[in-house]
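Engineer: The active site, charge relay system annotation in Swiss-Prot covers LYS79, SER154 and is backed by sequence analysis. According to Swiss-Prot, the feature active site, acyl-ester intermediate maps to SER178.
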Amino acid sequence: MTDLHRLSIRELAEGLSQAKFSSRELTEHYLKRIAKIDPQVKSYVTVTSEQALREADAADAALKAGNATALTGIPLAHKDIFCTKGIKTTAGSKMLDNFISPYDATVVEKTKAAGLVTLGKVNMDEFAMGSTSESSYVGATSNPWALDHVPGGSSGGSAAAVAADLAPFATGTDTGGSIRQPASFCGLTGLKPTYGRVSRFGIIAYASSLDQAGPMARSAEDCAYLMNVIAGHDAKDSTSVKKEVDDYVANLNGTSVKGLRIGIPKQYFNVAGLDADVKARVEESLKKLEEMGATLVEIDLNMTEAYVPTYYLIAPAEASSNLSRYDGVRYGYRCENPADLMDLYKRSRSEGFGPEIQRRILIGTYALSAGYYDAYYVKAQKVRRLIQQDFLKAFENVDVIAAPAAPTTAYKIGASLDPVEMYLGDIYTIAVNLAGLPAINAPVGFDKDNLPVGLQLIGNYWSESQLLSIVHQYQQNTDWHTKRAAIAEENA
């Protein structure tokens with residue numbers, strides 16, 4: 001079959017269980033596509049062909065013996081921030097260019113236990129700090145919809161791989177929008193779960209109180225299948241929450257859009273820099289949800305102006321602490337011929353970290369320094385609580401909150417030169433991480449240049465099933481999620 005890459009996760013699972021095709025055939029199909037198409041997209045950092053075929057053969061044996069799970073034999077790609085035993089894990093940085101993890105991240109462990117086949121590791125912004133996937137040490141990834149544009153970030157490789165049909169779905173992480181924004185830029189569905197829903201064990205840390213892993217795929221249904229595998233408590237992660245996990249696939253029709261109250265924050269639709277096409281597509285999608293029976297309720301989120309300064313104090317502060325472990329001594333990049341220990345530290349870090357990482361470490365170290373700790377970091381944590389309370393107050397009157405996932409569509413590679421401008425572009429996504437809430441991106445159309453636009457729905461704590469269900473029903477009534485970039489239509 002030449003069009004296996006066009007099948008949904010459900011269709012792939014059915015095809016494998018009914019022996020219409022084998023996991024080896026499916027895996028070989030994707031590996032051929034990667035070999036032919038990825039040199040243009042540059043989504044993969046490492047392709048694990050031999051391991052993938054071994055895993056596919058094991059999956060076929062399990063399917064034959066009747067020992068399969070719902071997803072046995074289906075391939076996926078992992079963001080290169082998840083530790084993978086015996087496979088290079090670089091986090092997009094020269095600092096970890098030769099790091100091979102001795103263990104699997106819990107998310108990777110769970111996908112293996114479910115019989116999923118690892119195609120490889122995909123590109124990302126260095127240490128997940130960025131929203132373009134240009135800061136990666138191995139170079140930029142291209143957006144399959146327009147190869148001279150960025151796919152978003154930091155999970156840009158995950159988004160590009162799925163959008164180019166080089167993987168049926170992928171894992172991502174989201175610290176300030178790193179699943180939702182690239183999903184928006186590449187026309188995909190991406191879910192950022194509640195903080196503590198998915199284990200962070202084995203994810204290379206950026207900002208520990210903000211990082212969360214989640215699925216990226218074409219549809220809410222496809223995301224639900226992966227959530228069923230990766231969600232749940234993990235004793236190895238102290239921030240993982242002991243809470244019963246929903247069957248996200250079974251609950252896809254569990255929330256009725258009829259009577260659903262969708263909050264429309266006044267402040268969100270008056271943000272400077274909100275593109276007219278993005279605003280129009282988001283408003284059209286809300287009108288569609290209204291036609292399906294939802295009620296739109298105007299709400300106030302008065303802390304909106306505080307999002308960016310609060311986030312860009314807390315996230316860099318946590319990053320400067322987390323990244324202090326990379327010193328050229330135990331592992332990671334080590335400079336050549338250091339004059340002394342201080343020279344080893346200085347040069348290993350200045351040569352091993354890229355400019356954006358160094359910028360955020362400097363901001364974070366400054367915010368945590370003795371004279372400024374109370375004025376900056378402590379104050380930012382207090383404002384963070386106010387942002388959380390702002391959302392909780394809104395949820396007293398609405399079920400979900402709607403917003404664009406990004407103020408613009410994807411921009412050209414090399415165009416994002418001003419870091420402050422880039423930080424301001426995170427306005428719609430970062431508050432969700434500050435508050436620890438779940439949120440989802442759904443594709444809702446295109447701008448005048450045929451670049452995808454995304455709608456973001458933000459839910460209350462533990463409402464992943466509700467968000468997936470709403471988007472699933474929206475996708476039953478629209479076809480934006482089925483649209484494919486021209487490069488994805490190519491056959492290997």
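Please read every residue number as a count from 1 along the shown chain.
Including glycine, each Cβ sits where the backbone N, Cα and C put it.
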Engineer: In whole Å, how far is LYS79 (active site, charge relay system) from SER178 (active site, acyl-ester intermediate) when you measure between their Cα atoms?
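Structural biologist: The separation of the Cα atoms works out to 11 Å.
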Engineer: How far is it from SER154 (active site, charge relay system) to LYS79 (active site, charge relay system), counting Cα to Cα, in Å?
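Structural biologist: Cα of SER154 (active site, charge relay system) to Cα of LYS79 (active site, charge relay system) measures 9 Å after rounding.
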Engineer: In this structure, which of the active-site residues SER154, SER178 has the fewest other Cβ atoms within 10 Å of its Cβ?
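Structural biologist: SER154, out of the active-site residues SER154, SER178, has the fewest neighbouring Cβ atoms within 10 Å.
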Engineer: With an 8 Å cut-off on Cβ-Cβ distance and a minimum sequence separation of at least 6, pull the same-chain contacts of LYS79 (active site, charge relay system), or say none.
Structural biologist: LYS121, VAL122, MET124, SER155, GLY157, SER158, ALA170, THR171, GLY172, THR173
